[in-house]
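What follows is a short report on a single structure.
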Amino acid sequence: MVILQQGDYVWMDLRSGQEFDVPIGAVVKLCDSGQIQVVDDEGNEHWISPQNATHIKPMHPTSVTGMMEDMIQHLGDLNEAGILRNLLIRYRDHLIYTYTGSILVAVNPYQLLSIYSPEHIRQYTNKKIGEMPPHIFAIADNCYFNMKRNSRDQCCIISGESGAGKTESTKLILQFLAAISGQHSWIEQQVLEATPILEAFGNAKTIRNDNSSRFGKYIDIHFNKRGAIEGARIEQYLLEKSRVCRQAPDERNYHVFYCMLEGMSEEQKKKLGLGQATDYNYLAMGNCITCEGREDSQEYANIRSAMKVLMFTDTENWEISKLLAAILHLGNLQYKDRTFENLDACEVLFSTALATAASLLEVNPPDLMNCLTSRTLITRGETVSTPLSREQALDVRDAFVKGIYGRLFVWIVDKINAAIYKPPSQEVKNPRRSIGLLDIFGFENFAVNSFEQLCINFANEHLQQFFVRHVFKLEQEEYDLESIDWLHIEFTDNQDALDMIANKPMNIISLIDEESKFPKGTDTTMLHKLNSQHRLNSNYIPPKYNHETQFGINHFAGVVYYESQG
């Protein structure tokens, strides 16, 4: 039996069984009228009858104040509800950083906060975790200090949903490391200037985030014996190439296209046959040309300036512009159905878009038309050409465009690495140390989820398992080894989902790969195999009806339905 008084704080558990439903904090306003009146943290009033009093539990004093800087050490209600309330109260007080052991939790404030100045960098330099309030600079300083003291490489994993602020956190860590490494060199400037280039070609506006990273990156920052930055190397993963050809409503293509059209001179645009963003199918598909808060023309100037710092020549910049323009013109090609020897075929209508695209790619228009409307096979020295239907030709055109952009992105990353990477010294007395920053796209769940979302969410499942292992599994194993009597923490382990997706025999990835190699493999046969193999797995959700084309996966962050068609 719980005895309550006016002003007591309680947990109110009115969960309806919906996803992410947790108890909510509340304060007792009235409890002497047979019913209990409470007001929850969102300002809503509730009347609780004596029969439902079991839904109310007293709140631990540490959760009442909700200002615990380290939740592992000081939070009494160490559960999902307690953690969320602590983060909420701190967030309302503009305290966006909170520790949970060695992990820093950051809540995106969606506004500029004056907590990243040179003075803040000075305050967090050479400080142990806990000496100062939680901050991204404290994590960066801890990595740097451990690298120098222990002469061991460090790694910082930045994880979270799309729009959580991962890219900004990466930039802040880079800013801190550049400031404290002891010298403001040209190489430090080059490392920092790589960011606007990568964002231009790899980021886009989505419904959740105006500057969403559509690729993953791992930045390895190299330090010499004195602790000064002497170079870096960038690895890129899983660029979302499909965005070049199609975007969801209220989303944009990659920033660089809009920046180029707004920032180029009229003379340059004329040479490339370019007009306005609304003129191009690849840019107008999402009905979102502008992005609030972004000045595309100014961003273009920033990109060009950064490219000069990273040693891109004027010739290379112009060749990049030609490829980007060619992509836009290819997206405006018009196709017409026709029949060839009783086979469905098509032709590309001759237009300015075709002529300009061919000119920019430095090929003859007829050759380009032929490549986009037929399939050529060479077997035993014999060449066989088969016409493509209009639908097939559109897919080929889009695949061609995605290939161009994907290879261009890889080349740009390689060009940046050529400027910022310095081979390690062969002298044993001067060992190189590094701090790695992993900035990878967050968990995604859109109206339509494709294979790219599956890959992204699979990567996030691995990160979640990393955190589960280090926060829960290893800690509890250590307690068990030392025979320490303690209350085991219940947690959700996502290892079964990982096994189903990619680890166990006949996993989802292997089945998709296998079906894509069969000459007669289709989206329908692939879905049938997935259903047959995994329908009894609790982490797999098969279609309810035969005509449905989606299957679901119960990820750690929620259920996501993937479209098998396309």
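Cβ atoms here come from the backbone N, Cα and C positions, even for glycine.
Copied over from Swiss-Prot, here are the features:
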type: BINDING; residues: Gly160, Glu161, Ser162, Gly163, Ala164, Gly165, Lys166, Thr167; note: ATP binding site
type: DOMAIN; residues: 67-566; note: domain 'Myosin motor'
Worksheet item: Near Gly163 (ATP binding site), how many other Cβ atoms are within 10 Å of its Cβ?
Response: 17
Worksheet item: Around the ATP site recorded as Gly160, Glu161, Ser162, Gly163, Ala164, Gly165, Lys166, Thr167, what other same-chain residues have a C-beta within 8 angstroms of the site's C-beta center?
Response: Asn108, Asn209, Gly442
Practice prompt. Using a 10 angstroms cut-off on Cβ to Cβ distances, just flag whichever of Ser162, Thr167 is the loneliest among these binding-site residues.
Written response: Ser162
Worksheet entry | Spatial neighbours of Ala164 (ATP binding site) that are distant in sequence (at least 6 apart) but have CB under 8 A | Ala106, Asn108, Gly442
Worksheet, complete the sentence: Same chain, |i - j| six or more, Cβ under 8 Å of Gly165 (ATP binding site); the result in sequence order is Ala106, Asn108
Discussion item. According to DSSP, collapsed to three classes, what secondary structure does Gly160 (ATP binding site) have?
Written reply: coil
Discussion item. Going by DSSP, is Gly165 (ATP binding site) sitting in a helix, a strand, or coil?
Written reply: coil
